[in-house]
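Visitor: Here it is: the structure, laid out below.
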Amino acid sequence: MRNNKFITFEGIDGAGKSTHIAFVSKYLQDRGIDLVSSREPGGTQLGEKLRELVLHETMHLETEALLMFASRREHIAQVIAPALARGAWVISDRFTDASFAYQGGGRGMDLAKLDALEQWVHPHLQPDLTLLFDVPLDVARARLDATRTLDKFEQEKTDFFAATRNEYLRRAAQFPQRFRLVDATRTIAEIEVEITGILDDLLAQR
Ligand SMILES: Nc1ncnc2c1ncn2[C@@H]1O[C@H](COP(=O)(O)OP(=O)(O)O)[C@@H](O)[C@H]1O
Ligand SMILES: Cc1cn([C@H]2C[C@H](O)[C@@H](COP(=O)(O)OP(=O)(O)O)O2)c(=O)[nH]c1=O
């Protein structure tokens with residue numbers, strides 16, 4: 001078993017994922033961890049081009065799912081697998097749970113098709129830890145509205161995010177060994193204390 005870890009960050013838009021990724025990166029690097037930090041969709045040159053398309057163009061639901069997995073295939077081949085193979089830790093801002101939550105939950109795509117794509121693209125790779133930042137929709141919406149111009153997904157309605165959040169919570173219950181559900185309604189400082197505890201446990205396993 002490898003000692004280096006693959007950590008993914010998930011949650012509906014506005015939950016605070018990006019804020020905590022910055023904290024985690026610094027925390028791990030300060031402790032001497034060789035860290036590769038990346039994101040999906042994106043993470044490679046081709047993946048970033050796919051990201052532009054998928055976040056801004058209207059398309060068939062299955063095209064959207066296929067592009068997410070195309071970006072992921074490239075990301076695993078070029079970034080995640082080589083980094084893990086050389087012993088680095090990898091953190092990714094979203095991974096396959098996001099496809100289940102957004103394309104499956106939010107848009108209602110058949111989960112069996114997403115299972116098939118997952119089996120195709122990464123039959124053996126799973127995150128060691130998935131931090132799921134969970135907030136009610138009104139909290140996430142208020143945080144988004146206060147900060148930025150919204151992309152295609154962020155402009156979706158309440159029902160979409162309710163279904164997205166539910167699918168995330170269903171996945172967290174289905175895979176309790178790798179998911180940690182983080183109550184992201186608390187202050188950033190309180191959340192950092194919880195994350196620190198989780199990371200210290202991982203670091204102690206080395
Ligand atoms: N726990 C929190 N309490 C209050 N504001 C927060 C909290 N977490 C994040 N924010 C703020 O909410 C906004 C969205 O956070 P961000 O990390 O970009 O979310 P995400 O990456 O999940 O979409 C930012 O302005 C951020 O500073
Ligand atoms: C990885 C992935 C992301 N997404 C969506 C979720 C987000 O709304 C969007 C981009 O994610 P994200 O990078 O979290 O957006 P931002 O940088 O604006 O916080 O892509 C999917 O719908 N399916 C996927 O498989």
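The backbone N, Cα and C atoms fix where each Cβ goes, glycine too.
The domain 'Thymidylate kinase-like' annotation in TrEMBL covers 9-195. Annotation comment: TrEMBL describes Gly11, Ile12, Asp13, Gly14, Ala15, Gly16, Lys17, Ser18 as ATP binding site.
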Visitor: Going along the chain, which residues six or more apart from Ile12 (ATP binding site) have their CB under 8 A from its CB?
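Guide: Sequence-distant Cβ neighbours: Ala101, Val135, Leu137, Ala140, Phe161, Thr164, Arg165, Tyr168.
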Visitor: Just jot down the residues in the same chain as Ala15 (ATP binding site), at least 6 apart in sequence, with C-beta under 8 A of its C-beta; none if empty.
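Guide: Spatial neighbours, sequence-distant, of Ala15 (ATP binding site): Phe133, Asp134, Val135, Ala140, Arg143, Ala184.
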Visitor: Residues other than Gly11, Ile12, Asp13, Gly14, Ala15, Gly16, Lys17, Ser18 within 8 Å, Cβ to Cβ centroid, of the ATP site?
Guide: Phe133, Val135, Ala140, Arg143, Ala184
Visitor: Any idea which of the binding-site residues Gly11, Gly14, Gly16 has the thinnest Cβ neighbourhood at 10 Å?
Guide: Gly16
Visitor: Give, as a single whole number between 0 and 100, the mean pLDDT over the domain 'Thymidylate kinase-like' (9-195).
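Guide: Per the prediction, mean pLDDT sits at 97 for the domain 'Thymidylate kinase-like' (9-195).
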Visitor: Give the subset of the binding-site residues Gly11, Ile12, Asp13, Gly14, Ala15 lying near ligand 2, defined as CB under 6 A from any of its atoms.
Guide: Asp13
Visitor: So which one is it: of the binding-site residues Asp13, Lys17, Ser18, which has the fewest other Cβ atoms within 10 Å?
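Guide: So among Asp13, Lys17, Ser18, the binding-site residues given, the one with the fewest Cβ atoms within 10 Å is Ser18.
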Visitor: Please report the DSSP secondary structure of Ile12 (ATP binding site), reduced to three states.
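Guide: DSSP assigns Ile12 (ATP binding site) to coil.
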